[in-house]
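Q: First the structure, then my questions, so here it is.
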Amino acid sequence: MQDYNNGVFRKQKYALDANCYPHDCLELIRTPNEMYYIPLKVALFYLLNPFTILSCVAKSTCGLNNAVISLFILCTMKGSALLSAIFLALATYQSIYPLTLFPPALLFLLQRLNIPVNLCWPSFWLFTMQYAVMFLGSLCTIVCLSFFLLSSWDFIPSVYGFILSVPDLTPNIGLFWYFFAEMFEQFRLFFICVFQVNIFFYTIPLSIKLKEHPVFLIFMQIAIISIFKSYPTVGDIALYMAFLPVWSHLYRFLRNIFLVSCVLLACSTLFPVLWHLWIYAGSANSNFYYAITLLFNVGQILLVSDYFYAYLRREHHLMHGLYLKRKDGSEASLVLK
Amino acid sequence: MAAYKHSAVLLLCCFALVSDRTLASKPDQNRAEPEPGPESHARKSDAISPREDDSNREPEPEPAGSVQEDPGSRWQATEALDPAEEAAGTRRRAPNDQFQEELVIRPLSSGDIYSSFQFRTRWDTDFFKPGRKVANYRLFPKSLGQVITKFSVRELHVSFTQGFWRTMQWGPPFLSAPPGAELWVWFQDTVTDVDGAWKELTNVLSGIFCASLNFIDSTNTVQPSASFKPLGVGNVTNQKFLRYAVLPREIVCTENLTPWKKLLPCGSKTGLAVLLKSEKLFHSSFHSQAVHIRPVCQNWECKSTSWELRQTLNVVFDLHTSGQSKREWSLFKMFSRTLTEACPLASSSKIYVDVTDNSQGALFELSPSTPSLSQAVVLGDRRTYSVYDLVNPDAFGAQRSLNILLRWRTADSADALRPLLHGERYVAGYGLQTGEIHTLIYNNHPYRAFPVLLLDTVPWYLRLYIHTLSVTSRARDNKPSYIHYQPSKDRLRPHLLEMLLQLPPNSVTEVTVQFERALLKWTEYTPDPNHGFYVGHSMGVSILYSILGSWSSVAMDTNVCVSVFPCKEESTYFVRVYTEPLLVNLPTPDFSMPYNVICLTCTVVAVGYGSLYNLLTRTFQVDEPSPSLAKRLANIIRRMRGVPLL
């Protein structure tokens, strides 16, 4: 009986939602039937991703980081503010960058509790304070536990100082290592600050633009962290790529997907080749590997911005209709202005 | 007015002149070395050669009588007298420093010849007596005395070596030294900031020896916990006052030999130091010069200490490059000089030629022959030496010049004594990412096992995986009884690994550890980065049993002994074995590309920034194509006319 009621309720909700939108873009709205297999696809995308397998073979602790972030997303979706704060604190404790996931989680929980995101409303501030206190409290607890375990504060410069100041220049798939290996000494501090601010810097504008779409905001933040963090690994890439099936409905609006997938595939295969040529064969130098690093990161950036473009475009169509006409009635093209 | 000014100036000039004269008339009493005692003593001896070095020595001072003028200021500058002598009223004191020089020539079984010089200065003084500054230096070099005083040094050992001592071919050396520069210092317990003192000391020594010891910093300095014990007298051995650093890349040349020679009392003018000519010395297989300063006991009761400065120079001349492949060696062939006289300031000046294998002149002929022979147990082996005493003027013969000649009669050579302890080290692996350091230690004693303390210093840019450390002897695991490991910190300090290993008899022990190579910042590479980076040697320290069997002697404090040979025959002897330094290649970035890299990476970041900025700040709009120029002009005119637009 309850199942029947739930089903009827869902259908009514769907019909109500459908009425909000212009009639020609009904095909853009997703039905629950379509979305039935998305969790399975996400799991497959993560578990069968060659990058995940590579990070497991390397016995990297990236899997643990990914697990904590996934638990955090799960708890946020389920609406449990305390658990989500605890897992976010754990993720931040491991590496500082998940701190940027605080606003999307907050926005999602506010949306779930039907509190409008308006700076004048006291309930907004009340919930924000609550969530912030829970997060900061758990973070402080974990840090203090580490202090008692170690009996000194030495771990803070060793862990967080290391992540922020990038002393180790071992080649990886990111942009930092060669940049700081070739940096002029007097500009080193400046560029470290620039690169670190670059990660935290997109949080506010993205949150403002995507305040009604916190789930996509989480995806964007995770992607930005994976690309621009100081020591990225392929395990981090696997995490945000696992989300792509969730946005499979955006496929029709993606502009560069073929190019991007070719670039990513080619770079992934060229990485070990050029590494071997540089380190073992000695017939290439570090520039070869560096070039592939650059290309790989450009590919990732294009992928992320392409999905962002597609998302915003779909939103626009949902507002204004799918088939747009110009003033003279001919078919219009949509540009960013 | 002008007249007043001029007269004032004139008055000032006169005053200046007068004061200058009065000051100049007093001899430089505080600076001057001339003491009544040693000067008059030296005048009584036959030949005086004033010490020509950079310390402030006045050429011939006023006669002994005049020093009685100003006793007050005099006694401030000089040392306090022994109360007994003071009471005796004698102003003349026996000199409390002495200088001995020795040269040991040992032919090696491979046809090479090994010459070891030792110049030993002993001074019964206390640098650290409170309230009194030592200012009168006679035989002891002032620069080193000032170093000891300023940095509160208890012991100082610095060596500069070119070449590697081939233990298997040449046997054990008298005093081993690793290739490059090695410095270790024990500071006094009164030093509060040992690291600051160490830093200043290395810079000062680098100036004294014209070597680049200023490259010693925290990235190559370690504080070993067990490998070093003070070689001089002393009761407290707190390892925090010890610092050890090695520069394997350091090259030794004439620039380092010249200041080293200047520290000798006679310089290179007389005595054995006359033989030290750089064009021959550096044309050798092995050249090592060292300075060792330590406090020693004055006599057997050891109630007071005196300071000993030992300057040693070991050189091995190669049979083929220096010897023209002829087995005939002489002082002139080795050093292109002969000896004419001993150093007048030396109390003993001797040459020892190792004739152990040459009983009755069977192997080689030694001329000029000498009747005096001496025997000593050196490094566990009894050797016989022919002694030439240079203080005795008869040693120089009629031509007043001594050229010792060794001519081999037969082509075969004596069997070399197999060294008991020997070490080797190499890097294994391929590629620029990982590698493995293998250290092999050979114990060649037929039936005795002995412990060896191994000291390893590895720079921080080779990241050791200590969990892969393995020690095997005879293909079985050999667990060290003591391990001290200090991990490295990037750009701050190196790895330090000390292990006490028990070496089974007649075996090879292999210590392996894997490492990973780091990529450094482009400014941290040397100008020739593809040459590689030098990794310091490994050092093994052990007390070996002499092959001759056990001796009943009590282990004497060898500090009192004067010569290069130990004075008591002991059954055990201390040995320090060095392995080769390693040369390791690190992956290099492209040094021509800093600007390009910055531009390209910033471009990629800007691509990300730009696309996100676009999407964040712009909204979608229907694209209205803008009309062409002609239409726009037409529209302007139409608007002016008030007519509907195109």
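Just so it is clear, glycine is given a Cβ too, placed from its N, Cα and C backbone atoms.
Note: TrEMBL annotation is automatic and uncurated.
Found this in TrEMBL, in case it helps:
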TRANSMEM  A:36-57  transmembrane segment
TRANSMEM  A:69-90  transmembrane segment
TRANSMEM  A:96-113  transmembrane segment
TRANSMEM  A:125-153  transmembrane segment
TRANSMEM  A:159-180  transmembrane segment
TRANSMEM  A:187-204  transmembrane segment
TRANSMEM  A:216-244  transmembrane segment
TRANSMEM  A:256-281  transmembrane segment
TRANSMEM  A:287-309  transmembrane segment
Q: Quickly jot the same-chain residues contacting the transmembrane segment (A:96-113) by Cβ under 8 Å, restricted to those at least six beyond its ends, or write none.
A: 69, 72, 76-77, 79, 81, 84, 88, 124, 127-128, 131-132, 135, 160, 163-164, 199-200, 202-204, 207, 211-212, 214-215, 217-218, 221-222, 224-225, 229
Q: By a Cβ-Cβ criterion of under 8 Å, what residues six or more beyond either terminus of the transmembrane segment (A:159-180) are in contact with it?
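A: Here the qualifying positions are 95-96, 188, 191-192, 195-196, 227-234, 271, 275, 286, 289-290, 293-294, 296-297.
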Q: Might you confirm whether the transmembrane segment (A:125-153) is in contact with the transmembrane segment (A:216-244), defined here as three or more C-beta pairs under 8 A between residues 6 or more apart in sequence?
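A: No, the transmembrane segment (A:216-244) does not contact the transmembrane segment (A:125-153).
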Q: What residues in the same chain, six or more past the boundaries of the transmembrane segment (A:125-153), come closer than 8 Å to it by Cβ-Cβ distance?
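A: For the transmembrane segment (A:125-153), the list is 81-82, 85-86, 88-90, 92-93, 102, 105-106, 109-110, 113, 115, 119.
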Q: Given a Cβ distance threshold of under 8 angstroms, which distant residues of the chain, six or more beyond its ends, lie next to the transmembrane segment (A:187-204)?
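A: Result: 97, 99-100, 103, 164-166, 175-176, 179-180, 220-221, 224-225, 228-230.
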